[in-house]
Amino acid sequence: MRGSDQKILLMVMVVVAVVAAAQGQEETTGFVTWGNNYYQTWGHQALVINKTSELQLTLDKNSGSGFESQLIYGSGYFNVRIKAPQTTSTGVITSFYLISRSSRHDELCFQILGKNGPPYLLNTNMYLYGEGGKDQRFRLWFDPTKDYHSYSFLWNPNQLVFYVDDTPIRVYSKNPDVYYPSVQTMFLMGSVQNGSIIDPKQMPYIAKFQASKIEGCKTEFMGIDKCTDPKFWWNRKQLSSKEKTLYLNARKTYLDYDYCSDRQRYPKVPQECGSYT
């Protein structure tokens, strides 16, 4: 190959590499279908219906089931719509996670706790660098078995927000004195499983997940630090005055348990509790 041809080839390779890196910084926007971003990880074969816009997970006497995303993220807004299993579902847990792959992992989690009728409880939990036990539980103001409802995470360099149907119910703000999830990439995961003894007469239990809206910073070709760029709208996102009102009302009206107030479990208030707004 002539020297001039080698130079041209090298330039082409550089351009391709730059384009690939730039694509790594592109946000994933809009509704992401199950076939495009998710795959089953355990349990029964998931049933994809409604032209890839809906996924069913099954729990029976043999096993539950779960899925996770193919893509990993460094920040973003992550939403899924869930219809929990039928009314009589004591012991059944339907979950949606944002989680990292590490022995000292970070994790955000929604868990719809099955019961034999309303009011149903929604447990939220966090793991910060492998340390869990940070439960906050809410009485849902609707029946999650009757229709689909939205469950969302906002994750940016300044705060983590848990949303239910556009109502913020839990906010964790960055605090220089405590650990904040900003060094580990995370992926999405969902499951239905038994948390205790369940009624075999009610099996199978079927949890339905509708196509999610993902607006996140993908990290295939770059480090997580690039995902803090304010060019991404979610990194500039703060609670609006309306959201603050909804948040305070949800905490006042529907909060059922807060680990930060549990002196039997934690005689000393956990350090990160000062980071909740």
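Just so you know, glycine gets a Cβ as well, placed from its N, Cα and C.
These come from Swiss-Prot:
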type	residues	note
SIGNAL	1-24	signal peptide
DOMAIN	32-209	domain 'GH16'
CARBOHYD	Asn50	N-linked glycosylation site
ACT_SITE	Glu107	active site, nucleophile
BINDING	Asn123, Thr124, Asn125, Gly133, Lys134, Asp135, Arg265	xyloglucan binding site
CARBOHYD	Asn194	N-linked glycosylation site
DISULFID	Cys217-Cys227	disulfide bond
DISULFID	Cys260-Cys273	disulfide bond
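Nearest by CA distance to Lys134 (xyloglucan binding site), out of the recorded positions Glu107, Asn194, Cys217, Cys227, Cys260, is Cys260.
Looking only at the recorded positions Asn123, Thr124, Asp135, Cys260, Arg265, the one with its C-alpha closest to Cys217 (disulfide bond) is Thr124. DSSP assigns Asn123 (xyloglucan binding site) to a strand in the three-state reduction. Using a 10 Å Cα-Cα cut-off from Cys260 (disulfide bond), the binding-site residues that qualify among Asn123, Thr124, Asn125, Asp135 are Asp135. Between the C-alpha atoms of Gly133 (xyloglucan binding site) and Cys227 (disulfide bond), the distance comes to 28 Å. On the 0 to 100 pLDDT scale, the domain 'GH16' (32-209) averages 91 in this prediction.
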